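As annotated by Swiss-Prot, transmembrane segment applies to 21-36, 101-115, 140-156, 203-218, 237-252, 457-472.
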Amino acid sequence: MGLPWYRVHTVVLNDPGRLLSVHIMHTALVAGWAGSMALYELAVFDPSDPVLDPMWRQGMFVIPFMTRLGITNSWGGWSITGGTITNPGIWSYEGVAGAHIVFSGLCFLAAIWHWVYWDLEIFCDERTGKPSLDLPKIFGIHLFLSGVACFGFGAFHVTGLYGPGIWVSDPYGLTGKVQPVNPAWGVEGFDPFVPGGIASHHIAAGTLGILAGLFHLSVRPPQRLYKGLRMGNIETVLSSSIAAVFFAAFVVAGTMWYGSATTPIELFGPTRYQWDQGYFQQEIYRRVSAGLAENQSLSEAWSKIPEKLAFYDYIGNNPAKGGLFRAGSMDNGDGIAVGWLGHPIFRDKDGRELFVRRMPTFFETFPVVLVDGDGIVRADVPFRRAESKYSVEQVGVTVEFYGGELNGVSYSDPATVKKYARRAQLGEIFELDRATLKSDGVFRSSPRGWFTFGHASFALLFFFGHIWHGARTLFRDVFAGIDPDLDAQVEFGAFQKLGDPTTRRQVV
């Protein structure tokens, strides 16, 4: 037929059997990729340290999605929350991966069957004997079935009525686990960080989908609407389907980047806004202040800060610090976190406590500035030593660590103080192993960043696809060259351009 590459899909335009076949094959490819990717990730994933080397630091992409739906155990004998297990059951990570691969194989065979046996009676219009699809009826069937699936997920899987529940955690990502969730029917259900909204919205949307599906199955569209929206044209289906997909992609790009109950930080890593707003830093200081109010020493109060909470308060876990073209996991960037060194508290020679100004997200380098409790600059690491007034040496800055591995250790040597001041710009200070993975020291993004970039990019492309195919189906007659005001009988093949008498073909 000699079709150019960008028009090859026209071969299934008027062939319902093979149109179905290629869609089944597409499902086979997607399910096959998901299962294979899961097995690959499980092969390289190290579950030994869920606190300092969680899945998102290791660049896992499909494991977090399985985990948020209730999968936590592996046939390898480990659990995502740490520790060992003896009976993971069939629905382990490997079980889900295997199910996708088996499903992919079945879809592959079904696609071949439908390609070979394309001329089925079900696709034939009994009035004309030609292949035809009742698209409004098919729309009703799909709407009804997707409504049933949506309702079932919300009413059974999420609530734990028949299923494990979903991943639920506290606002600081410390106590996450899989548990049943009750639907939130009040106004709180509209809070994107309330897990109950996931159950209630799926139940509500599923109910609406079931009712809408039944409506479209029992009520035919008016003729004027049918013709106006080109409901008999398969390209209308393509256009509206692309619209649904790009809209969903934009929504999930937002819920991933800004955070929500569907994207827990324990599975996907913190958001950039938690660094920008000092979210974890405030909670750490609140806990320390509460400890001091209970007559604990500084050392005791800081020692009670969970290492997991301190690790979130480190700029290397900010997904906006990775460049778009820096491949690899976060561990390939700044290294594998080994331990928290503790919280450094800086003081000048007058005993004033100094705070290192933290690096904003979009800076690669930032001046080291130490301010007092009133925000007045008291010390810095100068660019030009000759003009310095506030250098660490001149001000006599010392540093002492509280909590962590260096608890109780203090330094007054200016070179060492400056080293830790530079590191304090980046949040809490951790010992990082850069040798194991040959990490290059350049920050990487987390799966949260990759997911957002991918879905936002494809949503934009699909938006243009929706406009393109929508215009093609709505203005098909215009693009074909038919004058809408043409009253004369048009004979196909009489003219080179349809309906244009100036291009009459010569009879040979």
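Cβ atoms are placed via backbone N, Cα and C, with glycine included.
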TODO: Give residue numbers and ranges for long-range contacts of the transmembrane segment (21-36): same chain, 6 or more residues beyond its ends, CB-CB under 8 A.
DONE: 12, 62, 96-101, 103-105, 107-108, 110-112, 114-115, 118
- [ ] Return the stretch with the most CB pairs under 8 A relative to the transmembrane segment (203-218), choosing among 140-156, 237-252, 457-472.
- [x] 140-156
Task: Residues of the parent chain within Cβ reach of the transmembrane segment (457-472), under 8 Å, 6 or more residues beyond its termini - done: 235-236, 238-240, 242-243, 245-247, 249-250, 253, 479
